[in-house]
């Protein structure tokens, strides 16, 4: 990556409007890059997680106690622990983690579908202003229809398997990502744009060398927001369309008065959501460290 | 349960605004039911098992004709069911309702998990659960389920599993499709069949000009009762008279409902389930059909909601087939109802 960037007009150069001899800046980024930044960002992300987990578990327990929710329905943290690791634990773990695997797969499909579509459409928006003026209101209109209402139609058109999951999950991720990425692409520095134009570059070159690197922080910001929403999308798709995974399992467990399973499902989904968020955070700081110096 | 709620209620009076909403019902059940008289028993909440259609005609009569009031209740609030999180068992366990209409297949697992609940009467002597399919693509035998796409609501999870187990069908051999309550998924070809009440789906489809067929769970190893009155053990122990008063009002309401299907349908469509867009003609047909499930020869002889010891045994055997090994005395307590009929034999049908 560093090599490729070296040849191009550097992002940081572009932003400040200076043209420096190439080697110096990239060399610094590459050297400090992989090792230290990886550790530092990992610590920065994982460090606050431990207290966060403690607060969540304590809040869970206190909430149930404060409102006097019966332990038959509102399972306490240690009951979930027993369910997963003590009594008949292997069968329970099979049920919960089997469903979790499906949900993670569904969320990944929705996340990818939504992010790719959002980036493609955002690029189209930036390249062709009229496209944005025509489609943005339509997109917002669609956005305001509740997904739960649209799902029966989506399943009718796209079926109840992975295509349906991709569309339902994609919709959840798509809109916030679209707005963010389009904004990021458009905040490219005018000086850098002028520079490329002056050297005879076209709009595509501007997009490639200025707008895309500038948009990187926005892309990752929307990726981070999209991780939890992609899981929500996957749960909706599973509940209403596929009938697999946690989204379906959790409601069936309620129907079967298996509240141990319900709470275990909630715990693992939450954990996966937090971990995925953290992973995107680490990747983000690694990529941004190389791509732009805005965050250094 | 109620003591827990009461304690919690006291503990959280600081958060009164929020806590009141949750604890209100538990507060009611905590007050011991003494004598009758107008409103002396306070207000209670009845959690229905489904949306407010004609299935609860007896409750509509008891409410509109003042039988609940005459029994001493200032109000009986009918809580609509059918959505997630409205299960009677969790409602009783958390004190959200005082009594509920449920089914043995749902109550038994809760009891086995340690919830102190009992069934004290059964509105439907035969359960109306069925696999509904189209006549041109019929499912008339459990074996025919293999390889089919069947819509099952999450709340019917246990009944569905019971049917499969009772007939030795591998769950993996049937494609289970998420289903809410729309029989048109049959006509659009998204489903080959779905689990629903024989009293409602086929009637609705027939009104749309589509012929439907059904496979009754009761005919295939699951002769279970349904729409069962479910309460906590504590209610039986500490509020027996209040419970008797309630059941008396219910019996009166259901006697009226059974006698007048047209009025039942009208009340469901025009008053209680007004926002459900129910059709009076369709609801009338449903009411007539459900009468056959409510008024069996035994119910005629012994009174509505009663269960003979043979019927109880049948239910326990059905539950065992579904892998729910519960004892009769853990799940059923029909003595309260017996006392009601002993005290006033005129409540019986004939």
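Each residue's number is its place along the chain shown, starting with 1.
Glycine residues also receive a Cβ, built from the backbone N, Cα and C atoms like all the rest.
Straight from TrEMBL, the features:
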type: REGION; residues: A:1-20; note: region 'Disordered'
type: TRANSMEM; residues: A:42-63; note: transmembrane segment
type: DOMAIN; residues: A:96-287; note: domain 'ABC transmembrane type-1'
type: TRANSMEM; residues: A:107-128; note: transmembrane segment
type: TRANSMEM; residues: A:140-159; note: transmembrane segment
type: TRANSMEM; residues: A:165-185; note: transmembrane segment
type: TRANSMEM; residues: A:231-254; note: transmembrane segment
type: TRANSMEM; residues: A:266-289; note: transmembrane segment
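Among A:42-63, A:107-128, A:231-254, A:266-289, A:231-254 has the largest number of CB pairs under 8 A with the transmembrane segment (A:140-159). Sequence-distant contacts of the transmembrane segment (A:266-289), counting only residues of its own chain at least 6 positions beyond either end whose CB sits under 8 Å from a CB of the stretch, comprise 29, 32-34, 37-38, 40-42, 44-46, 49, 52-53, 56, 80, 96-97, 100, 103-104, 107, 216-217, 220, 223-224, 227-228, 231, 235, 246, 250, 295-296. Between the transmembrane segment (A:107-128) and the transmembrane segment (A:42-63) there are fewer than 3 Cβ pairs closer than 8 Å, counting only residues 6 or more apart in sequence, so the two stretches are not in contact. If you look at the transmembrane segment (A:42-63), the same-chain residues 6 or more away from its ends with a CB under 8 A from one of its CBs are 69, 76-77, 270, 274, 278, 281-282, 285.
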